[in-house]
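Inspection log for the structure reproduced underneath, given as structure tokens.
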Ligand code: SF4
């Protein structure tokens, strides 16, 4: 199986439960969710005209809408050739769960890597059982894709972006039938806004949840 890749780079995880961990980021191309505030809109379309070489996507690519196909083995070869030392791989997007990730995650695990998927929850999660799944539910976005209960149940971590009270109400309605006792629950204020940050802090304290602050945007890294 081949996966369309927008960029591969080594960095530190900027948000959620693993904030600060060294990670290898694999950003897959393609997303139909349509969040208005998306900061990776260049990943939405898999345009045949924008197919490039594997070497071109082998770095942080500064918002380019290009992509290259990789097999799982080609990822591993590229990562090893780059001399990356992180053992934690984040498969992001785009919407990575548009693709069947079983083969990719199992080959990466066999090669000694821990896999994490970051998904909107709008597609079925197809990955190994030991893959860490972070669902950041995207509710009522332009693409009109419902957030799947199966994705929420599979999540190890639910990380919700909030700007105002209605966003926490939407999350509460979404997870009403989900047992969250074994999950990391995170709230993330949108776009470093003060009002959203204050609200997220207040709610995290009330609920004993974790605050996620997009550290990479404060320290100016990818
Ligand atoms: S799901 Fe992610 S990549 Fe897709 S539109 Fe929303 S924020 Fe952007």
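The count begins at 1 with the first shown residue.
Note: Cβ is positioned from N, Cα and C throughout, glycine not excepted.
Please treat TrEMBL annotations as automatic predictions, because they have not gone through curation.
94 is the residue from 83, 94 that TrEMBL records in the S-adenosyl-L-methionine site together with 37, 38, 39, 136, 137, 138. Here the C-alpha separation of residue 31 ([4Fe-4S] cluster binding site) and residue 94 (S-adenosyl-L-methionine binding site) works out to 5 Å. For the recorded site, residue 27 (substrate binding site), the DSSP three-state label reads strand. The secondary structure of residue 39 (S-adenosyl-L-methionine binding site), as reduced to three states from DSSP, is coil rather than helix or strand.
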